[in-house]
Amino acid sequence: MTVMEHKKAAQLDLSQHGLSNVTEVLRNPSYDVLFEEETRPDLEGYERGVMTELGSVAVDTGIFTGRSPKDKYIVKDETTKDTLWWSDQGKNDNKAITPAVWDDLKALVTEQLSGKRLFVIDGFCGANPDTRLSVRVITEVAWQAHFVKNMFIRPTDEELESFEPDFVVMNGAKATNPNYEAQGLNSENFVAFNLTERVQIIGGTWYGGEMKKGMFAMMNYLLPLKGIASMHCSANVGKEGDVAVFFGLSGTGKTTLSTDPKRQLIGDDEHGWDDDGIFNFEGGCYAKTIRLSKEAEPDIFNAIRRDALLENVTVRNDGSIDFDDGSKTENTRVSYPIYHIDNIVKPISKAGHANKVIFLTADAFGVLPPVAKLTPEQTKYHFLSGFTAKLAGTERGITEPTPTFSAAFGAAFLTLHPTQYAEVLVKRMEAAGAEAYIVNTGWNGTGKRISIQDTRGIIDAILDGSIDNVETKNIPVFNLEVPTSLPGVDTSILDPRDTYTDPLQWDSKAEDLAQRFIKNFAQYTDNDEGKALVKAGPQLD
């Protein structure tokens, strides 16, 4: 440890977090220290990292290769009982637990971490100093500390001197809960939050994304209550300062499409929109690597080097990586500090107001067009619907594309009612004069997925404005206006009906999908605003 690292660790007393007899604290260690720690030859099982030929370390997360939403819990108390969007009020994973159950779970984690040599990473969630969360993550596993160092915003030495956490994450991945059945819980594993104590605890799952997404869920609670949009989206900015945000569930293309050599990346997954504009929550990227190639995604491929951390990829004996192998999971990932992408907004990941808002969907039915411009009413409708296909591997038990509706393109991370996010977003869009588009990165009548080249051509046309200067035609049932041609895009795919040998096939699939949209949206029709939006969705005669 350097003198500064000794100084940082010496100042830290973890007894305030319920931990006792801690043998050593490594606080915000350097990447070199983490590299030595996570590749130690004496490490076993999921603690052990292996070296790859690209210079990055690779780890396995065991059976937990994605988030475990069925094991997510939030304490129901005076703070949350009337504000939180609970699982008995809609389609979400915010299952309530009592303070007593919380105390039992927390005791399991503090017992697991006490008496150990611990890593502590202090960082920020949110690039705006006025609204950011100061987050402290405590773990006994070196690579989990590495993941957090990659993903959260790294404080300066001066900021560390006065660092006081707003939220504490205690990751006791080795701890499991033997009493889960008596407590009415799903399994021995748990990811639990207490908004009064401002603490997250993790037990049983080794998946790194639980720490990142846990803090996203907390930002999703705190920011909209202040009138700030909290969004599951990527964002980038052009040479003229024009900002675009890309909403979408995991695997729909947020990271890939926002990582564009012609534009500077603000961030790839989680953002806020306040009076100054768009700002990133994170200090890193968490990109899918399944079937990654240097030719198709050079920026992401080149980011996989020393200090990047690979998850669940297949590493051959010679250290080479088989990115095409999805035998462990389709949800293979890499985390890296955002500066591994050359073309980023510096020094702070923030920019002005967005003028293009893009909803990415992966339509497993082959019904929706590759692109359509949305009216303000359609924007609200499709934001609340959040239609996509769950893609293989981002959650346990999902291996084939499955159609789903996820409010705000991120229902798994929402902690307030979806209409609150829609209201704040639309207010921000109206104030900025932003336009919205829906872009389908999924399948069509050919049975194949729309090519990344065609999708990039569509995004280019949206961002440079050329999509606004072409002829359009109306797609029935969904009442969407689609272009008849776009530069650099295969014209034959723009009307999805043209991709079927028999157009009647599209008609029957469109009716099926429309009925699903209508059934899902019924949950929002218990007030006048929701009823008024029904006209903006699909219509069946």
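Our numbering is plain: 1 for the first residue shown, then up by one each step along the chain.
Placement of Cβ uses the backbone N, Cα and C atoms for every residue, glycine included.
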Substrate site partner of Arg67, Lys213, Arg333 (as recorded in Swiss-Prot), chosen from Tyr73, Tyr207 = Tyr207
Cβ within 8 Å of the mean position of the Cβ atoms of Lys213, His232, Asp269: remaining residues of the chain near Mn(2+) | Lys212, Phe216, Ser250, Glu270, Gly410, Phe413
Of the binding-site residues His232, Ser250, Thr252, Lys254, Asp269, which one sits closest to Arg67 (substrate binding site) when you measure Cα to Cα?
-> Ser250
What is the interatomic distance between the Cα atoms of Ser250 (ATP binding site) and Asp269 (Mn(2+) binding site), given in whole Å?
-> 9
What are the non-local neighbours of His232 (Mn(2+) binding site), defined as same-chain residues 6+ apart in sequence with CB under 8 A from its CB?
-> Phe216, Phe247, Gly248, Leu249, Asp269, Glu270, Ala408, Phe409, Gly410, Phe413
Thr256 (ATP binding site): which of the binding-site residues Tyr207, Lys213, Arg333 is the nearest Cα neighbour?
-> Arg333
